[in-house]
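A quick write-up on the structure given underneath.
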Amino acid sequence: MPPPGSFPAGRSQDPRNNFGPQHAPSFPVARREDDIDSDAYSINSASTTRLAGAPPFYDLSSGDDARRYDPSVDSHSSLPSISPFADPGLASGSDHYPAWSADRQIPMSSEEIEDIFLDLTQKFGFQRDSMRNMYDFLMHLLDSRASRMSPNQALLTLHADYIGGPNANYRKWYFAAQLNLDDAVGQSQNPGLQRMKTVKMSGTKSLDSALNRWRNAMNNMSQYDRLRQLALYLLVWGEAGNVRFTAETLCFIFKCADDYYRSPECQNMVEPVKEGLYLQNVVKPLYIFMRDQGYEVVDGKFVRKEKDHADIIGYDDINQLFWYPEGLAKIVLRGGQRLVDLAPAQRYTKFGDIAWERVFFKTYFEKRSKLHLVVNFNRIWILHIGFFWFYTAFNSPKIYAPRLKQFPSAPMTWSAVALGGAISTLIMIVATLAEFSYIPTTWNNASHLTTRLIFLLVILAITGGPTVYIAMVDDLPTKSKFSIPLILGIVQFFISVVVTIAFAIIPSGRMFGDRVAGKARKYMASQTFTASYPSLPRSARTASIMLWLLIFGCKLVESYFFLTSSFSSPVAVMARMKVQGCNDRLFGTALCSNHVPFTLAIMYVMDLILFFLDTYLWYIIWIVIFSIGRSFALGLSIWTPWKDIYTRLPKRIYAKLLATNEMEVKYKPKVLVSQIWNAIIISMYREHLLSIDHVQRLLYHQVDGQDGRRTLRAPLFFTNPSSSTSASSSFFPVGGEAERRISFFASSLTTAIPEPLPVDAMPTFTVLIPHYSEKILLSLREIIREEDQNTRVTLLEYLKQLHPVEWDNFVKDTKILAVEADGDAGGGGRTSEKGGGSKADDLPFYCIGFKTSSPEYTLRTRIWASLRAQTLYRTISGMMNYSKAIKLLYRVENPDIVHTFGGNTDRLERELERMSRRKFKVTVSMQRFTKFNKEEQENAEFLLRAYPDLQIAYLDEEPSLKKGGEARLFSSLIDGHSEMDEKTGKRKPKFRIELPGNPILGDGKSDNQNHAIVFYRGEYLQLIDANQDNYLEECLKIRNILGEFEEYQMSSQSPYAQWGSKEFQKSKVAIVGTREYIFSENIGVLGDIAAGKEQTFGTMTARALAWIGGKLHYGHPDFLNATFMNTRGGVSKAQKGLHLNEDIFAGMNAFGRGGRIKHSEYYQCGKGRDLGFGTILNFQTKIGTGMGEQMLSREYYYLGTQLPIDRFLTFYYGHPGFHINNILVIYSIQVFMVTLLFIGTLNKQLAICKVDSKGDVIVGQHGCYHLIPVFDWIRRCIVSIFLVFFIAFLPLFLQELVERGTGKALLRLGKHFLSLSPIFEVFSTQIYSNSILSNLTFGGARYIATGRGFATTRISFSILYSRFAGPSIYMGMRNLLILLYATLAIWIPHLIYFWLSVLSLCIAPFLFNPHQFSYADFIIDYREFLRWMSRGNSRTKASSWYGYCRLSRTMITGYKKKKLGHPSEKLSGDVPRASWRAVIWSEVIWPSLVATVFIVAYMFVKSFPDKDGNQQPSPLIRIGVVAIGPVVWNAAVLITLFFMSLFLGPMMDGWVKFGSVMASLAHVMCLVGLVAFFEFFWFLELWDASHAVLGIIAIIAIQRAIQKFLIAVFLTREFKHDETNRAWWTGKWYGRGLGNSAMSQPAREFIVKIVEMSLWGSDFLLAHLLLIILTPPILIPYANTLHSTMLFWLRPSKQIRPPLFSTKQKRQRRWIVVKYTIVYLVMIALLAALIVLPALFRDRITFHCTICKSI
């Protein structure tokens, strides 16, 4: 330990202990020494309550000996004077592993185990440090198991878990890869070839007998051999580095090593092989292969290759090679000999010679394509599209009626409806063809695809063929009564229905060759590793099937009446309608007369999308109902009265948290409970959640009873539950953290939870925290200085606003400290001037929490702030509550220990420490530890001193001795007990294990966890992120949570006895999920939305999903079964890019390999979320792109094609369905806009018939069109879109309702609506769907970061615009135009809703920007925006419009490979180029289609004669001229300027701004051109507003198509710098390092500039439009205050002050504001004039031009 002098008075050893020792006694803590029951403490009862099997504790003499507690070892020579982690070689091990001690009939002593490890290390060449680490690891495991069963049983069950048991991955692999045949047949007749034949002869029998042989072999092994196998497996695993991600590769290595060990040549070896041989020969070659898949060496640095997942052989591909015997047969040595041809015992020695690069291949192609959605989720499409067809075809008979008749014949009706079956078959065929492209056909899996394809084609003929026949014979007269067509039609219909239902229910992986339950041996591996889903208990399975029957029942009924039957009347009127009297110059009547059917087609699409959305709606409704029912069943709900929850709390603590069944009766429950309760309350006091007064009311006190004996008085809190509200305020601050924690604690104990074990029998577990660069502890500077001028507030002020009560308690505390520190020196004189001075004296405390800046005071403030921000310190101090909880429980449950140690508190404390250290570890994996800067190092050191038991695992780098060689990397471990190295000043690591190379190959987090995973101890892992927190009262439940793994009461039989011992057959629990509480939920509306999302997803749906077996995702407080996960490829997957959300993959992996995933309701961890608008959306973008990557992954393929239907639907709607639903919601808005546009054109141009009250057309109207039903349909559509959207708020509302009561729920909902949260919801839906779609097309998790920081920073307009233009503003603006047209054409009040939701796509980023509406800032933003638009042309600027434009285009063009050594490369990240297929579809074909749709609409409007009866000139030519005109104009301007700058540039060399001037000239010209063409077009339209708007919509679509086409087709790859841009404007093309491309680049740059000009002009106009929309609120007085109230939910009085500026700054700002207000007004006036003036003077302005007439 460091000398206490380095700490303020030795006081902050426990940083949460914020009050000095002086007034600690002010809490009468109930100690056991009180005379409650005096005889209970008599000496002779000291050893009676000893727990079975634990050695008795003797009170030894308190000399140097005091460290020894159990004198069970005979030799007294080994005093454990060194730290308990030191080299096991130095001290006898049994002191650290009490359960594994000689008096417990252990199968072998720790010394013997050590010898086994030494022997293996010498024979295989493992590293010494790894050996020591693994020895410690194994001993901890044995100790953990043996503390609750006999040591023999502990070793047996461990061996069964790792190697031989029914759930051991190694055994499963052994049979899946059919090695039993290899070992049985021997290598004589080349098993690699013979294998498949032998299987054919003796199918299942051989497998059963093999299983029996295996069981007998395992049963007959000696314990020594079992331990040796375990040790070998662990040593192989412990050094494997990144090979740990491939579980079956490890199994193979282990098998080879094990075979080799048994061979005589290994046994007869005398000389040990050199250390590190295993690493060099076995691990390193594999690691190098993995690394070279993704990286190449450029200039001695590793650079990411530009490959997408389909070309990279990832961990999963490597792993799957070892699944199949054919795969093992592919492994060849360098000489070309196959490994399987060698005898098993010789294989290991040849590992160094394997040519791995010739062995591996892709086993699944993760191609970027939307077809993955069809393959993985084909059942979803069939269920929806098939039924939609049945419904719609039945309801639109007019479509397929013969030309002259009203209705089709009966056979035709049957048959047309029956085509739904053919549609489903078609979907299946598409899915099968796509599946062919994702699976390598060389393997033995293409066979069942081919059979399936042939079957499907046959079925297609059966379901589709009759229709052709019926259509041919339909009109012919029939003679007989029973017409053959009718019978055929009916049969076809029923076959169709059966086919559709069959395809919708049977997983495609089980059709024609069952991959899930097939008996054929070739499916065995994929069954074992991808389809051994844990079975559900019957009740849960019933619930699951019920749930889906209800959902689809409701959905199909509701959709039929609400969507389909109401759609039949528009169909009936529109199907045959031809438009009369229209004509077009070029196309004649072909297009315009069929305009109504076009409209109908678009309406069909709209209906289909709504049909999909309906299902999600019903899913949410029913899952919420199920979840709430489930919560009542579990007994979790506010409806149980307050009285019950709190008055019974003491009893429940006694019954559920304490392991009291073995305790003696002499201690009253009250005494035990009081200690627990008081500890909880005091821990809250220490965290400043409660003030002294509250604490006094909540504690158990000792009082004198009547007869003079002292008794405990329970706090009023338990005894006086008069009324919930009035009572609560006197016990804790209203609405504070303390209240939330206590009430959750109380209500969580109402549920049924597993029984705890006594502390010394509980399993050991580890908390693992990956840390990259998160804040460890806030520095003083960060707390009390503003980040930049936009922040407006210091962190401390902000935290004080959020936690006023806690700050108050903190200040009171500090004042007490300060008074004590001052001592009595000035005491005398002070009292007199009590009056005036005291208030002013205390000011510094209330402002910054300290008065003197000595370190102890500033440290307290820093800690106070760090515990309320997202810091690593908060996480660790939260997790360290586990050790407090373990000590507390141990002390409370074993009163005799306290008695044994009498008054010697030091030794008592040491005994408790020993127990907590034995049962619990915290490991932080600090990847960058060696690269920390000075401040970070100090903070890390502070952590180690505050918590000496904290272990830090880090990467240590040793540069290579020879130049140019690779550095060696080590995985090292230190903790607070490691001694300092005098020379370097760093701590000496306890273990230092060399790695095969740099472990960080992926996205970082999972690699970071993987390198530290070897340092975990015990049986369970809790994976925590560095932004979480934990609380003492939750940590007390740790034993109950670990009980959820169902491994407490293990059977005492051997797992190998007659295989039948049923207890070991049950599938293991792999993950136990817990609740998360978002501790940042009180920071205004965005925080609340984020918290609400987490609350509903993380708690509500998780509860129902876990019950019906659909919870896959493991969030971060979850507990993992470490043995299960680590023998199956680690705790998270790590391929770069593909496994962006690494944790979800761990869940899917566990699920597919037979692990159960549970969810527990009674335990929660805190979690922080970032709460600025930008950060929330970055988070959503990350989730969206991660989801896109998941769609490509093989896990989704396996789950989607192999799960039974009810579990598949659960999986789909619980995970990808949410995101696909978001995509569909956005599509529905867009499709609906187009529908409105088309219906608008109809309404504008055609005379609509009037109807009477019954809805029949009134007679006598000529030439009118009956379109009234269509308008009704529109109204209904808007209502249903609104409903789909609105239902999103239902789960949150009901969740609040159940957990906090009606009032709170309504209040929260109201707050949300007043804060405009629906606007945010629409916007975030768009962000989700955009990120997934762009990921599926282009790949690359790309987003422009907006930085962290808390929610009060104002982000400037240009940054927000550049971040959100691509994802949402452009789309919003296009839809606004369409909506404008629709409003002009058909106005119905329902459209108001759409105006709001489309507007929200454009203005949401600005609406949720703090202080957006303060006038000065707004104008300064405008100035910044203008500068942003125009900079970056003569000098390189980091943030400029040009840079933004370039970044958004590189995902299509990609970057040039070669680097030209230019300094400005930091403008760009590394981005792989998208595949050309994706680009052709998304960038060329799709925009052209959209443009065509709009042109058709425009041409229809123009195809009627004008008011004089003349036919209009061709609209196509007109729109072409206006659309392509600006492009040509830009090209002309640019060519002129190009030559100007080419000649002038070199002469103007001295003038820096020359480039900028040329650029702005071009930009201005471009604007002029755009505006001129617009005015010209409007004039051609004779100033008709609605036609002009429609024309502009079409023009924009055309221009967009042209730009995308130019970029996608003509542009080569980008340079990584912007030299070409500056060369273009300044005319200096030489000396820019362009080399040979200086000739070709100008041509490329010319095309770029043409596109850029159009984009610049449109961005300029768009941004001004946005600014105009945002201006009105600024003119309202107090808008800013109101807006802040809405955003932060702080009263105006509480709000954060405006920033203080110096006089100079004020003057400067005032001048800027004045100047730019004028500029802004002028710009607005100009823009307004262009629109308003022509509209006013439309009659006066007439030009006569002859060309105009012809276009």
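Here the Cβ of each residue, glycine as well, is placed from N, Cα and C on the backbone.
As given in TrEMBL:
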type	residues	note
COMPBIAS	41-50	compositional bias 'Polar residues'
COMPBIAS	64-73	compositional bias 'Basic and acidic residues'
DOMAIN	224-336	domain '1,3-beta-glucan synthase component FKS1-like'
REGION	1-87	region 'Disordered'
TRANSMEM	371-391	transmembrane segment
TRANSMEM	453-472	transmembrane segment
TRANSMEM	484-506	transmembrane segment
TRANSMEM	545-565	transmembrane segment
TRANSMEM	619-642	transmembrane segment
TRANSMEM	1223-1242	transmembrane segment
TRANSMEM	1273-1294	transmembrane segment
TRANSMEM	1378-1408	transmembrane segment
TRANSMEM	1521-1545	transmembrane segment
TRANSMEM	1557-1580	transmembrane segment
TRANSMEM	1661-1690	transmembrane segment
TRANSMEM	1711-1737	transmembrane segment
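Per-residue pLDDT, averaged along the domain '1,3-beta-glucan synthase component FKS1-like' (224-336), amounts to 89 for this model.
The transmembrane segment (1661-1690) is in contact with the transmembrane segment (1378-1408), judged by 3+ CB-CB distances under 8 Å for residue pairs 6 or more apart in sequence. Residues 378-379, 382-383, 386-387, 390, 409-415, 417-422, 424-425, 427-428, 459, 462-463, 466-467, 469-470, 473-474, 478, 1205 of the same chain, all 6+ positions outside the transmembrane segment (484-506), place their C-beta atoms under 8 angstroms from a C-beta of that stretch. Helix, strand and coil counts from DSSP across the domain '1,3-beta-glucan synthase component FKS1-like' (224-336) read 73 helix, 10 strand, 30 coil. Among 371-391, 1223-1242, 1557-1580, 1223-1242 has the largest number of CB pairs under 8 A with the transmembrane segment (1378-1408). Within the chain, the transmembrane segment (1557-1580) has long-range Cβ neighbours (under 8 A, six or more residues past its boundaries) at 1429-1430, 1433-1434, 1518, 1522, 1525-1526, 1529-1530, 1533-1534, 1537, 1540-1541, 1588, 1591-1592, 1595, 1625-1626, 1649, 1653-1654, 1656-1658, 1660-1661, 1730, 1734, 1741, 1743, 1748, 1751. Within the same chain, residues 595-596, 598-599, 602-603, 605-606, 609-610, 612-613, 1265, 1267, 1270-1271, 1274, 1277-1278, 1281, 1284-1285, 1325-1326, 1328-1330, 1332-1333, 1371, 1375, 1378-1379, 1381-1382, 1384-1386, 1394, 1397-1398, 1493-1494, 1497, 1500-1501, 1590, 1593 sit at least 6 positions outside the transmembrane segment (1223-1242) and bring their C-beta atoms closer than 8 Å to a C-beta of that stretch.
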